[in-house]
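TrEMBL annotations:
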- 67-117: domain 'NADH-Ubiquinone oxidoreductase (complex I) chain 5 N-terminal' (DOMAIN)
- 133-433: domain 'NADH:quinone oxidoreductase/Mrp antiporter transmembrane' (DOMAIN)
- 6-25: transmembrane segment (TRANSMEM)
- 37-55: transmembrane segment (TRANSMEM)
- 84-102: transmembrane segment (TRANSMEM)
- 114-134: transmembrane segment (TRANSMEM)
- 140-159: transmembrane segment (TRANSMEM)
- 171-191: transmembrane segment (TRANSMEM)
- 211-231: transmembrane segment (TRANSMEM)
- 252-276: transmembrane segment (TRANSMEM)
- 282-303: transmembrane segment (TRANSMEM)
- 388-409: transmembrane segment (TRANSMEM)
- 421-443: transmembrane segment (TRANSMEM)
Amino acid sequence: WIIPFVPLPVTISIGLGLLLIPTAAKNARRMWTFPSVLLLSIVMVFSAHLSIYQINGSYVYQYLCSWTINNDFSFEFGHLIDPLSSIMSILITTVGIAVLFYSDNYMSHDQGYLRFFTSMSFFTISMLGLVTSANLVQIYIFWELVGMCSYLLIGFWFTRPIAANACQKAFVTNRVGDFGLLLGILGFYWITGSFEFRELFEILNNLISNNGVNCLFATLCAFLLFVGAIAKSAQFPLHVWLPDAMEGPTPISALIHAATMVAAGIFLVARLFPIFRVIPHIMWLISLVGIITVLLGATLSLAQRDIKRGLAYSTMSQLGYIMLAPGIGSFRAALFHLITHAYSKALLFLGSGSVIHSMESIVGYSPDKSQNMVLMGGLTKYVPITKTTFYVGTLSLCGIPPLACFWSKDEILNDSWLYSPMFAIIAYSAAGLTAFYMFRIYLLTFEGHLRVQFQNYSGIKNSSLYSIPIWGNEGMGLSNKNLPFLVINDNNKERLSFFSNKVYQMDGNVRNPMRFFSTYSDNKDTSTYPHES
């Protein structure tokens, strides 16, 4: 029981502090980072300790309390620790610790700093409770808590209308899946009379092997369970909420898209895999939804200008691979790729946050500009550490050996040949598209030259920008034919003249030759560049 509830005191303390002593809590807000990371580190150590016991195949099943309504129905709360839950616990805690460290600096300027850490801690608690649940009722309770936390985090900047609409869209879309999940749980309870996983699997296998249950009804209940996984893991056709989830802060995007919300649907399929395995039509449906999502996410990512939305559709495509794997019977490959993709995608999202933070030094706080890859380029010299880490994440996601995603994705691709050559062709084609769109994101962001310098984002109304075609350099006194821009700082408010004898210095940061040059008049320094914080 210590795994899901150890981080809870931080959430309660911050909440009570904001409620009872808001001024003191906000003044000492940076002190909450250390206990949040410390308690989550304790959970990580416990998870690693329990995973050692799973090597021998021993399961830990602990009852905490029971609830008896009458002689015919009793419900017991408990925790199930098996290889699946221990692996997921390690994944959630390690990614969560990295995101919390990152968020301390990233959100330090934000007025909602304490609210952010409260929601993040509660999000982690909900996900840990989900992966250690011992029955379907507990899964549904924590499933709803994960959805509630995602609603709060996606709409963290709720004063922005686009963020408020995004969190509502995610909430409503996931309610469709939650309704299907609830109906599926009730349907299987009506068939087997139990919510416990072990009893549920044994009774259902006996009923199906002895033709003691209507196969059509069992298939319908399994499909309803799968609808919940489709919505939570952003699979086709309930994927529409995923790109809009990028309206939250970047650390939230890293946590949602790596180890928490989108992994919940995959975990549900993995946990209920014994049910899906005995119903062949559901296995085929899982593989079909997965392969459609693989191709759809890859093609949509090709046309994105927003760096976070490009990574979001990349997540959708990779989750399609993970969903395809159990559908074709490759259960271990699905978990393997879930783990490798989670760390790679967390690295990419945190790197994109660093890029966005550095671009805000030029364009200000404007997500339409700071996240636009068209305005980036040439950031290698300004953010070299971010460039290196982003490059490693890109290579891993593209499946370049010996990085992690190569081994997991290659196993899924090989197994897909044994299941269906058509599915394998689509999966291999999407793998090629993965390399294309990931290197497109990388090259647009870090290579070439900084394109944002060619535009005026000063926000001062009295600044002037003139574009004059170049007819020749003889009358201008210019010796360099490759200079594309003439940048003039008119600090003395002198009248700009084309025939002036005054010699102006060229902006040495503009490199690409163009067919025109501009004279720029402003009181502020034009040499503002991105930088790593």
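One is the number of the first residue shown, and numbering goes on along the chain from there.
Positions of Cβ are set from backbone N, Cα and C atoms, glycine also.
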Residue numbers, six or more beyond the limits of the transmembrane segment (37-55), whose CB comes under 8 Å of its CB atoms: 2-3, 6-7, 9-10, 81-83, 86-87, 89-90, 93-94, 96-97, 100-101, 121, 124, 128
Paired segments the transmembrane segment (171-191) and the transmembrane segment (114-134) in contact, 3+ CB pairs under 8 A: no
Structural state census, the domain 'NADH-Ubiquinone oxidoreductase (complex I) chain 5 N-terminal' (67-117) (DSSP three-state): 29 helix, 13 strand, 9 coil
